[in-house]
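Features of the protein shown, as given by TrEMBL:
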TRANSMEM  39-60  transmembrane segment
TRANSMEM  80-99  transmembrane segment
TRANSMEM  271-293  transmembrane segment
TRANSMEM  300-318  transmembrane segment
TRANSMEM  346-363  transmembrane segment
TRANSMEM  369-388  transmembrane segment
TRANSMEM  400-419  transmembrane segment
TRANSMEM  439-460  transmembrane segment
TRANSMEM  496-513  transmembrane segment
TRANSMEM  520-540  transmembrane segment
DOMAIN    557-756  domain 'Metallo-beta-lactamase'
REGION    782-859  region 'Disordered'
COMPBIAS  837-853  compositional bias 'Low complexity'
Amino acid sequence: MTVVAPGAEAAPAGRAAHDLRLVPAAVVVWGSALGGLLLGWRVGVACAGAGVVAGAAALWRLRRDGPRHHRTDRERSRGLAAAGALVLCAALAAGPLGVRIATAQQDPLRAEAERGGEAGLRVTLAERPRPLRSAGYAGQAGGVRSVLVPVEVRAATVRGRDVPTAARALLIAPYADWARLLPGQTVTAHGSLAPARSGELIAAVAYVRGPPRDPTRAPWWQRAAESVRAALRAACAVLPDEPAGLLPGLVLGDTSALPPRVEQEFLDAGLSHLTAVSGANIAIVCGSVLLLLRAVRCGPRCAAAAAGLVLAGFLVLVGPEPSVLRAGVMGAVALGALVLGRNRSVLPALAAAVCALVLHDPAMAVSHGFALSVAATAGLVLLAPRWAGALTRRRVPAGVAEGLAVPLAAFLVTAPIVAGMAGSVSVVSVAANVLAAPVVAPVTVLGVLAAGAAVACPPVAEVLVRVAEPGVRWLIVVAREASAVPGAVLPWPSGWWGGLLAVGAVALLVLALRYRPARLLLALALVAAVVVAIPVRVVAPSWPPPGWALVACEVGQGDGLVLATGEPGRAVVVDAGPEPGPIDRCLDRLGVDRVPLVVLSHLHADHIGGLPSVFEGRAVGAIGVGPGRVPDWAWRRVVADAGAHGVPLVELGAGLRLGWPALRLDVLGPGYVPPPDGEPEGTEVNNASVVLRADTPAGSVLLTGDVELAAQADLLASGADLRAEILKVPHHGSRFLVPRFVDAVAPRIAVVSVGRGNTYGHPNGVALRMLTGAGALVARTDTGGDTAVVPGERDPAVVRRGPSARADGRRARGPPRPARPPGAVSRRGPRARRPRTAAPWPWGRSGPPARRASSGRRR
């Protein structure tokens, strides 16, 4: 049996009939835009130029060879058409597309954003404001406080000077004032500029304060679309909260009322694509219109025209999302083919959509949504029919075969993109999509009908919504149960390397499905992995230890500490290490997916370098900084990272108190602020570190950043109670440690965050002897790896995970000292002078003790 796309010509048995003529053109256009955005416009033009040369060479070869070298005139004409399309699209990519990317990358507003400062912007909204969910911080509940607003800048004034610009920008604005704006409105905004991330067409990110000023009226079609969306939300209000928030998302992609719990469950179950309107929604809507008109004997041209009007209205209603635009262009191509009576093969429509959209908007080339949409469509066309046919030949019923092949194909082709983007893979996605598939089309049709009826006759819309309710509830149940399966989400390396690794895994799986020897090798590898993993899991101590209060992460030469808040999956991060990666892996090991607050003690690279990876797959509530803003390059980098993820910056001044269920933070310093002008010395920046006192179930913790002699003397002179059971040793254990400061703290445990083979001589031997002489157990990340502090029977205890790979990717050169093996717990008595190893868990199997009462010390 040979499966071909609807409308495609039949092909000989055993050979799939796929029209690939436009695929080379699509690859060249997409690759040129991708290279231009990521590597510079010159690289993009060079890629497009290579496409022009290749296409011209193919044209010359085809014309020179003549008909005698081709089996049919049809085959030759197809080759000429493919080469001609390649030349044309590559020329467009080298010319207008290259000019557009170069203009955007050299826009004057981009240079102003690099320098920072206040700006007044006159902007036109390009899309609807998108809600930005916050994890909350300092005991404040999370939720939607801000919106992301993509805009086109009409005029800009920076530091009192007009800046000529026609760039795109991204505004981060207050939700209450900006959420109701519509695309096409022009407003004035005032805020702080920050540079945009590389690889994007936007020139700047602006933190906006206050409401929009001097708004114009939105176009009539946008006002009409908003009235339909609002009417559907009102009709859905007759349902309970969860179905009422989900149905508008399934129909129109409107997730403004979707509860965060349901949103996360859909994400973990691999069903989040259902709330992002895509080709499936457009196919259902347009297909329903065509079937209805065919049933009343309407001609193909009339039916195509009516479906085109519905398609245009639906696109306006749901907004210009990348997946929607891709599906819309493909739908328009298919309807045009229907009018002309031409071949309606899917691949030419997909390739045409890629060429048209990327040439129109080069930012599509780096859009994850666009890449997922194109990959899923290609997988459904190229893989699903083959796999469905293979299952049918094995006596699987046709309906079941298609129901399995479609989600499996979509999952395999999109898994590398999802893995590289999110750093995780849902292993229950295929099963969840199979269970969800039967109700998606009925719910979508009922929802669209309800949206249409909600404006004219709300009671009818409410009836339709109630009819759709069982299907919506079924989707919620599927997502909830699938996401609750142990190991439903598999952690995976993020970024380009994670994506390439996923490509390799998918290729191995496909080979295993196709070839018996590959299946045997894969089975042997899985058995070997289980045989190795089970003993390691049984023998090795679990990580993290139950009841951990503080973890000093192994981040190399730098600081990266995590404080538990007492809420599952939530923790406060203090500093992020010198580079992305180590702190991300440490948080993954701890199971932290929500960070209400990231504290950057000061702006040195070994404390802020890993900040971008804290955002990987996590909701971050706020970034706390001290009053210092130097070095300037580091401050601009922090502002840019915060702006790119829509996270607010808050200043932590002495006297501020923050609280969570099992954590209280008191800000004790700094008492010194380096001057904003010039580049201060490293000692000045170190002495401006934020100093925190944390009250945890394991005892009080003094977090000192990199304070040196002058700042330690200031803390002693301030009169603050510095006593703490746990001391984060200042400046990685450097020699700049005041003996009176150590005596004032009187720590039981001294944590030194330092990398192996440190070239600065950290930790210093004199400092270590000073700490041990004061009765402290010294716990070092260079010899113990991730180091946790947990409540003990009387005093806090230390659990070491053991050193892993170095931050630079090389293996550790030796094991930890025998007296402190990985995973061992060390405790420190009040008068003890030498560390000793205790039992595996100080509280046995019953879990950690309840949090002890406050000691009543002055904070």
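The backbone N, Cα and C atoms fix where each Cβ goes, glycine too.
Within the chain, the transmembrane segment (300-318) has long-range Cβ neighbours (under 8 A, six or more residues past its boundaries) at 221-222, 225, 228-229, 252-253, 277, 281-282, 285-286, 289-290, 293-294, 324-325, 328, 331-332, 335-336, 338-339, 341, 448, 451.
Remote same-chain residues near the transmembrane segment (400-419) are listed as 270, 368, 371-372, 375-376, 378-380, 383-385, 387-389, 391-392, 425-426, 429-430, 433-434, 437, 492-494, 498-503, 505-506, 509-510 (criterion: CB distance under 8 Å, separation of at least six residues from the stretch ends). For the transmembrane segment (369-388), the partner stretch with the most Cβ pairs below 8 Å, chosen from 80-99, 271-293, 346-363, 439-460, 496-513, is 346-363. Same-chain neighbours of the transmembrane segment (271-293): 246, 249-253, 255, 258, 263, 302-304, 306-307, 310-311, 314, 318, 321, 323-324, 326-328, 330-331, 335, 369, 372-373, 376-377, 429, 432-433, 436, 440-441, 444-445, 448, 475, 478-479, 482, counting only residues six or more beyond its ends whose CB sits under 8 Å from a CB of the stretch. Within its own chain, the transmembrane segment (439-460) is flanked in space by residues 227-229, 231-232, 234-236, 247-248, 250-252, 274, 280-281, 284-285, 288, 314, 317, 467-468, 471-472, 474-475, which lie at least six positions past its ends and keep a Cβ under 8 Å from the stretch.
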